[in-house]
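J.: Starting off with a structure, shown below.
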Amino acid sequence: MGEKKFAGALALAMIVFAVIMEIYSYKVIPDMETGVSSFNDNWTIKEENGESVQVTLPVKRQVPAGQELVLENRIPDKFYMNGGIVFRSRQQEVEVYMEEELLYKYPEKELIGQSLPGNWNFVMLPKDCEGKTLTVKIRSPYQKFSGQIGEVYYGNYSELLDFIIKKQTPIFRMGILIGIAGAVIEVLAVVLRKYRIYSYQELLGGLLILASVWLCGESQMPLVFLGVEAKYYVTIMALLFLLMFVYGYLYVRWGNIQGKITRRLFYFSGIAGAGTMGLSVAGIWDLMRIMPGILVFAGGTAGYAFWIHLRAFLKKEGRYLGSETVCVGLILAAALEEILFFYSRSNNIAGPFVRLTMLLYALNHFRIDLLETYYGLRERAELEKRLRRSQAELMTSQIKPHFIYNTLNSIRALVRIDPETAYNTIYDFSTYLRENLRSLEDVDVIPFSQELKHVKAYVNIEKIRFEERVQVVFDIREQNFQVPPLSVQPLVENAVKHGICKKIQGGTVWIRSYKESGDYVIEVEDNGIGFDSSNVGEKNRQNKSMGLENICFRIQEISGGSMEIFSRPGEGTKVVLRVPEKKTSYYGKDEDGHENNHSR
């Protein structure tokens, strides 16, 4: 199965799974067998003129903000033992009476800020309540929520909480699924960071977790471990900082697309969110009164995210941006629906379209990240094999039979005429062979000083053979850094064999190391015959060009560095290696655990 077919099949399976869960999720219907019944009929409302109007709940009346809506009903003659009622108030003050006796009041104490959170009101009724009159008084400081009340349920008090939890579970579960997807993405991003597969998913995971907190808070699920105000402020805070995470995610992922604007919006949304929360808790701002502005900003954020995704898709910045862009477009449509119908909906809960589109986005990204992990690990494995193979090829290319033969002949001649030099040359030759063989070990980088030792061993051997024709000058100012094995010695060998030894009078090789602009720089320069550097990759210079390309490949992939070649025929050649100041391992993490800029 091809990559696209596999991705499409996985996406379809995710969507079908989400839809089936919602279709066949447990639906709670109140009846006597569950211990909970509807209590929506035969309510009366007292009008200002003293007349009573019979209504069926839920109901919404034209009542000015701050004015009470008074409802009365008679408790059935046959009532539950340990009975009670429950109903949802939406940013309303609530008082419940039984024959003039106050049974319940919300809020029971002064609130922290000006905002009046919505609440599930669980009211315990006295044992002898059958046939008595129950009075509910509600009042809201907000015109949007004034004069309305939702469904009322009555039954065994201990069963009411379980009933409401089951009733809200399908909505709550969608938020939980988004959070699970975010948590898995976050864990994958942290665990697989060393493989350089992920570069922005940590922010995406945090974004989805914040979205989960917001949607779970908006689900109206009663959370006994969290107070009403705490839940309300945590929910709003999650929404506000979710917007900041969106801009942060866009900036980290696509800083090349309107990066300056995205960065400014990131800081603005963070400061605005923190300021809004601070002023609200201090009682200076009322969150409910500025909620339309928050929703407009959220819609603008969704629109901006869609625009950035669309531009990235058109520029082909990623493999799976088509499905991502569609999902973000659906979220934008859901955000617009949320804004347009905020004041007309009968409940104060984020619409199902918002939840469904965000769940689809989370599941789609979860699918994408699983695919990225699979293909990324496969690519890393292939790259590792290529690196090992290139290292082995370079090592074997360095140990040529004629070089060994010439070196042994030189040592044989020196044994009689200069035993001391022969002794030192044998040591240099063994060092040279050992360093070449050591490059086959499972080591990504070695100290530059060790590579330099390899270079000096090679140079000493060649100076025995070529005497004054080969001059080598070392200017080593920095050596406390790491490089891939066989990254400098082959350059020096190229300079000797293909540069100065092609000239009758010979020449000089300069080997330098220093630090510049946060990089360690290594230069290998000769005044030999030079060559046309534009033809490095051509087959007519196969052995030399393959060696240079091999070194360049390993410097880039292992150390995150670069290689440049400067050469002119008849003047000589200079090769410059640049290695980032922070030493890197094969998988792209520096000493502090940060990723290199060239990561995926």
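Any Cβ shown, glycine's included, is placed from N, Cα and C.
Straight from TrEMBL, here's the annotation block:
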type     : residues : note
DOMAIN   : 491-583  : domain 'Histidine kinase'
TRANSMEM : 171-192  : transmembrane segment
TRANSMEM : 204-226  : transmembrane segment
TRANSMEM : 232-252  : transmembrane segment
TRANSMEM : 264-284  : transmembrane segment
TRANSMEM : 290-308  : transmembrane segment
TRANSMEM : 320-343  : transmembrane segment
J.: Let me spell it out: take the transmembrane segment (204-226), skip the flanking residues so only those 6+ beyond its ends count, and list any with a Cβ under 8 Å from a Cβ in it.
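T.: Same-chain contacts beyond the flanks: 88, 118, 120, 161, 164-165, 168-169, 171-172, 174-176, 178-187, 189, 232, 234-235, 238-239, 241-242, 245-246, 249, 347, 349-350, 354-355, 358, 362, 365.
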J.: Could you break down the residues of the domain 'Histidine kinase' (491-583) into DSSP helix, strand and coil, giving a count for each?
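T.: The domain 'Histidine kinase' (491-583) comes out at 36 helix, 34 strand, 23 coil.
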J.: Go through the chain and flag residues at least 6 beyond the ends of the transmembrane segment (290-308) whose CB is under 8 A from any CB in it; none is fine as an answer.
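T.: Those are 236, 239-240, 243, 246-247, 250, 254, 257-258, 262, 265, 269, 272, 276, 325, 328-329, 331-332, 335-336, 338-339, 342, in sequence order.
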J.: Which whole-number mean pLDDT does the model give the domain 'Histidine kinase' (491-583)?
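T.: Mean per-residue confidence for the domain 'Histidine kinase' (491-583): 82 out of 100.
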